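Encoded as C-alpha cells, the structure appears first; notes follow it.
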Amino acid sequence: MAKNLTRDVRKSVAMAIDTLEEQTCIRFKEVDDDQSGDVVRIVDLGSCSSPIGRLNIGVQDVSLTKNCWGMGTAIHELMHAIGIEHTQSRSDRNTYLDINYRNIDRENLPNFELLSPRLWSNLVPYDYGSVMHYSADSFSNSDGEMTMLPKNRDFVETMGSMIPNFYDFDQINKYYECYDNCENKKNVAKCSHGGVPNPNDCSKCNCPMGYGGDLCDKRPDGCGKTLRASSSWQTEKLGVKFSKNDDQYYTFCNYWIEAPKNSTILIRYQISSELTRRRICEFGCYDGGIEIKHLADPRITSDRDCCMDTALNVTTTMNPVPVILYTASATIEFDVSYRFV
C-alpha cells in the first residue's frame, strides 16, 4: 500500500481483504516496494478505480481516496483487480435494466457497454444488490437524474449497494474454482437456505444475508430477535443503533418473523420518522436501510428500502422471514407489522 493513503483508507482495505479471505480461497500478501513481478499497488490517484484482471505489466494500481465509500468500495475495486466485472455490464443486462442514455455523461458512456458472453460468463444470477452494481444515478449528467432503472422498480434503491452479498463471494469462488477444495472431503457441511460450504473450512457454510450459524439454520448472532406471528396484526418498532467497530463498516440487526408451518406471512413496514428518512434516503441506501427477504431464491438480495414515504407490503411463504436492518452512522427505526394467514 502506498504511503499517501489515509488511515481510514488503509482500514477499509484491511477490512475488505479480511472479508474476501474469509469468504473465498483468494489470498492477499503484502510485499515490499521493490518486489519483482506482477503486483497490485493500492494508491491514492484521486479516484476510486481499478483495471479489471491481471494486466501483466508489473505494478498495476488500484486507486482509493478518502472520498471512496469505505469497505464496500475497497471490495468493489479489489474484485475488479482479481477479474470481476460490473453487474450492469453483463450480457443479460437488458433483461433487468432500462438504460437512460440521454442522462449519462458522455465521457462515461463506455461504462454502460455490454460485455460479450464470449469474454465474460454469467456465473451467478443477476443481483441488483451486488457490490459490483452501479446505483441508479451513476454517471448522471444532471444531479439526481437516473441513468438506469430496474425493470422491477422496487429495486431502484437497492442498486449501488456497498454491502458485498452472497453471490459476490459465490462468483469469486466459482471463477477461481475454490469449491474444488471441498470435493471428496469428509464432513462437508449440508447448508440450509441456499448456503454453500466455505472453501476454507468445508464443515461450515457461507450463508446468505439474514442467516447464520455453521449451517445457515440460525438467526445471525448479535442484535435482533425472533418474532412470532399470529393470525392478528402485531406491530413492532425495529431499530438498529450504530456501534463503532474496527472490524466492520456497518452495524446490522437481524430479526426473524416465524409462523406455523405452511403459513403465508403478511408484512407491512415503513420508516418510523422523518428524521430517520432524512438520515438514510439516497440511491444505494449507503447510510442504512431495511431488507425483508421474500424472493424464491434467498441468496439474491431482496429489495432494500430507505426512502419510502408510505407503508410497503410483503407477502411471502418464506418461513422464517429475515428482516435485516443496517446502518453506517446513526440509529434508524422502522415500524413493522406482521401476521400470518
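Cβ coordinates are placed from backbone N, Cα and C, and glycine is handled just like the others.
All annotation found in TrEMBL is predicted automatically rather than curated by experts.
Taken from TrEMBL, the feature active site covers Glu77. Reduced to three states, the DSSP call for Glu77 (active site) is helix.
His76 (Zn(2+) binding site): 26 other CB atoms within 10 A of its CB, across all protein chains. The Zn(2+) binding site annotation in TrEMBL covers His76, His80, His86.
Feature annotation from TrEMBL assigns domain 'Peptidase M12A' to 1-179.
In this view, the densest Cβ surroundings among the binding-site residues His80, His86 belong to His86, judged by other Cβ atoms lying within 10 Å. Packing around Glu77 (active site) is summarised by its Cβ count: 22 other Cβ atoms lie within 10 angstroms of its Cβ, all protein chains included.
Within 8 Å of the centroid of the Cβ atoms of His76, His80, His86, where the record puts Zn(2+), the same chain has further Cβ atoms from Ser50, Ile52, Glu77, Met79, Ile84, Glu85, Val131, Met132. The separation of Glu77 (active site) from His86 (Zn(2+) binding site), Cα to Cα, is 10 Å.
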